[in-house]
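Working notes, structure below.
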Amino acid sequence: MKVVEVKHPLIRHKVGLMREADISTKRFRELATEVGSLLTYEATSDFETEKVTIEGWNGPVEIDQIKGKKVTVVPILRAGLGMMDGVLEHIPSARISVVGIYRDEETLEPVPYFEKIVSNVEERIALVVDPMLATGGSMIATIDLLKSKGCTSIKALVLVAAPEGIAALEKAHPDIELYTASIDKCLNEQGYILPGLGDAGDKIFGTK
């Protein structure tokens, strides 16, 4: 599995700000969008382009345009919604697929409760977004679902990842790509990432 920890100074700075215990909902939400945008820039760097001639202000001009598969953004509810706008800044025409999964706080296992996947997902590149890759259960379950519907081009974008989650994801789906703003130290006994960001969903939605 291709794992990319994006170490750009802007990303490192912004993720650092997100770790503050008393960060406001507004600020956390803004930073999640900004880092999501920067991760999208990196994750799409291998998209193929083709030459197209258009009519410019002074006559015909040859330009580069993205070619190949179109994109579907797949936020994992609910926290993934906090990164979605950052992706759409760069790919505003992307279709949106939604997967609802929550983690059982006792077993740490993923529990699916909703899905709405675009009908032609097998023809698209799926960018799955979720702020935290902890145990990896929710991400694995989402990718299982996408593959069951024929999607073969999948990239996962997360703000913070634990080594345990990366290992689990690689074991389950070695053919996907993972882009993260930070690979953190470990999981604690409750399955939370250390040092992590806290509960990203609560911080994005103001329910902490």
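Each Cβ is built from the backbone N, Cα and C atoms, and glycine gets one as well.
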- Item | Per Swiss-Prot, Arg78, Arg103, Asp130, Pro131, Met132, Leu133, Ala134, Thr135, Gly136, Gly137, Ser138 bind 5-phospho-alpha-D-ribose 1-diphosphate; matching candidate in Asp22, Asp199 | Asp199
- Close binding-site residues near Ala134 (5-phospho-alpha-D-ribose 1-diphosphate binding site), where close means Cα within 10 Å, chosen from Ile193, Gly198, Ala200: Ile193
- Query: By the DSSP assignment reduced to helix, strand and coil, which category contains Asp130 (5-phospho-alpha-D-ribose 1-diphosphate binding site)?
  - Reply: coil
- Candidates Arg78, Asp130, Met132, Gly136, Ser138 (binding-site residues) with Cα within 10 Å of Ile193 (uracil binding site): Met132
- Query: Highest CB neighbour count within 10 A among the binding-site residues Asp130, Asp199?
  - Reply: Asp130
- Note on the structure: Around the Cβ of Ser138 (5-phospho-alpha-D-ribose 1-diphosphate binding site), other Cβ atoms within 10 Å, all chains included, total 27
- Query: Rounded to the nearest angstrom, how far is the Cα of Gly198 (uracil binding site) from the Cα of Met132 (5-phospho-alpha-D-ribose 1-diphosphate binding site)?
  - Reply: 9
